[in-house]
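Participant: Structure below; questions to follow.
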Amino acid sequence: MTSTPTKPTVAFAHLGCEKNRVDTEHMVGLLAEAGYGVSTDESDAAVVVVNTCSFIQDAREESVRTLVELAEQGKELIIAGCLAQHFQEELLESIPEAKAIVGTGDYQHIVDVLQRVEVGERVNRVSAVPTFVGDEHLPRQRTTDQAVAFLKVAEGCDYRCAFCIIPKLRGDQRSRPIESIVAEAHQLAAQGVQELILISQITTNYGLDLYGKPKLAELLRALGDVEIPWIRVHYAYPTGLTPDVLAAYREVPNVVPYLDLPLQHSHPEMLRAMNRPWQADVNDRLLDQIREQLPDAVLRTTLIVGFPGETEEHFQHLMGFLERQRFDHVGVFTFSPEDGTAAADLPDRVDPEVAQARKDALMALQQPISAERNSRWVGRTVDVLIEQHNPQTGEMIGRCARFAPEVDGEVRVQPGAEGQQAAPGSLVPVEITGADIYDLNGQMVGARAMVAAIRADA
């Protein structure tokens, strides 16, 4: 990603989640519109904007390590994102090469910040309480694959989970109007996007602050008119999956039946300790309801082990839940105590070695389940979004709708029987021929094969 500058080139280093990525893309778009060159290669520029993550300690350490490495290369730094929001003036004091800090609610001011840095100022542009949310009018230059785009439907979070610092870093929830989201979706469709991923902190709570009640179902139906084949929803909290939302999943053809459910735990006592008591009587009942209404639904969840007070009984409850519910994809994290969260001061810490052993046990339990869930797709012909192509061998790599980018598996695609191949960004039919724990194998299907298969099934 490089543009022709009329002003100096600014490099970008992106860290953290896809919500952070959208903020990066807006900053890139704003600087490009103002005439700056923008690049992802730090060697191209004297000034580097680092959009940082501060969600957990490991992420903070990665952000600080990146900042120190760039500082030692002699770069001038503009520190943006969650680390800037978290530590603010302390960063300017600790890193002399840091010329500015930009908070999570202030990235729209990046051009002004850079102009002030250019005349020698050290700038602190961090609002105490973030209130801004970008929209379709804010310039944006995407940094993701040409065919995939993330669309932020809301910013911030009204929940106060005991382990999570995000509300302090990004403020309370503030949703965009449906019309604004649909307008941006049309813009992205015009750019050739094939997969649109809706994101926020709690996507199923979309609209609650703006309309007085959640409006995800209405949003999905409105997006049904956008010419993008796949619309995927991330961060669907269980209580927000109402019958109307599940009906929208069924009714809107381009909404893929993929549910990303960050459940965190199954035991009621653990959920109360996590300040998620509303979820305790929902998990099993909701999952049964989802499978009844969306038989082909792909279910992903994330879980936390080693939360303070988690006993062996609590953990075995979670093991039983995982074995019973048979998710397609599971991510497991060990508890990370974060200063400024309620959980940071809780007693009865779990030994880190015990927490790691529990994580390993959950993943060992899940792997054959994931393999079995994948094997159900062998013999089917599905659409695959091609993301890589080897012109020498003809082999392709892509994803079908059951795999979200970066967090799930991939489909390894062989050329069709008549030599058919496809370029990245193409959505093509593929017959699934094999499966393993995480990935699928397949062969591209030509028109003749598709006609023959349909006639054989008739």
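Counting starts with 1 at the first residue shown.
Cβ atoms here come from the backbone N, Cα and C positions, even for glycine.
The feature domain 'MTTase N-terminal' is assigned by Swiss-Prot to 8-119, with sequence analysis given as support. Under the heading [4Fe-4S] cluster 1 binding site, Swiss-Prot lists Cys17, Cys53, Cys82. Taken from Swiss-Prot, the feature domain 'Radical SAM core' covers 143-372. The [4Fe-4S] cluster 2 binding site annotation in Swiss-Prot covers Cys157, Cys161, Cys164. The domain 'TRAM' annotation in Swiss-Prot covers 375-446 and rests on sequence analysis.
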Participant: Give me the mean pLDDT over the domain 'MTTase N-terminal' (8-119), rounded to a whole number.
Facilitator: 92
Participant: Report, in whole Å, the straight Cα-to-Cα distance of Cys17 ([4Fe-4S] cluster 1 binding site) from Cys161 ([4Fe-4S] cluster 2 binding site).
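Facilitator: Here the two Cα atoms are 18 Å apart.
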Participant: State the Cα to Cα distance, in Å, between Cys53 ([4Fe-4S] cluster 1 binding site) and Cys164 ([4Fe-4S] cluster 2 binding site), rounded to an integer.
Facilitator: 13
Participant: Around the [4Fe-4S] cluster 1 site formed by Cys17, Cys53, Cys82, list the extra residues of the same chain whose Cβ is within 8 Å of the site's Cβ centroid.
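Facilitator: Leaving out the recorded residues gives Leu15, Gly16, Lys19, Asn20, Thr52, Ser54, Phe55, Ala59, Gly81, Leu169.
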Participant: To the nearest Å, how far is the Cα of Cys157 ([4Fe-4S] cluster 2 binding site) from the Cα of Cys17 ([4Fe-4S] cluster 1 binding site)?
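Facilitator: Roughly 15 Å, rounded to the nearest whole number.
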Participant: Measure the Cβ-based neighbour count of Cys161 ([4Fe-4S] cluster 2 binding site), defined as the other Cβ atoms within 10 Å of its Cβ.
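Facilitator: Around the Cβ of Cys161 ([4Fe-4S] cluster 2 binding site), 19 other Cβ atoms lie within 10 Å.
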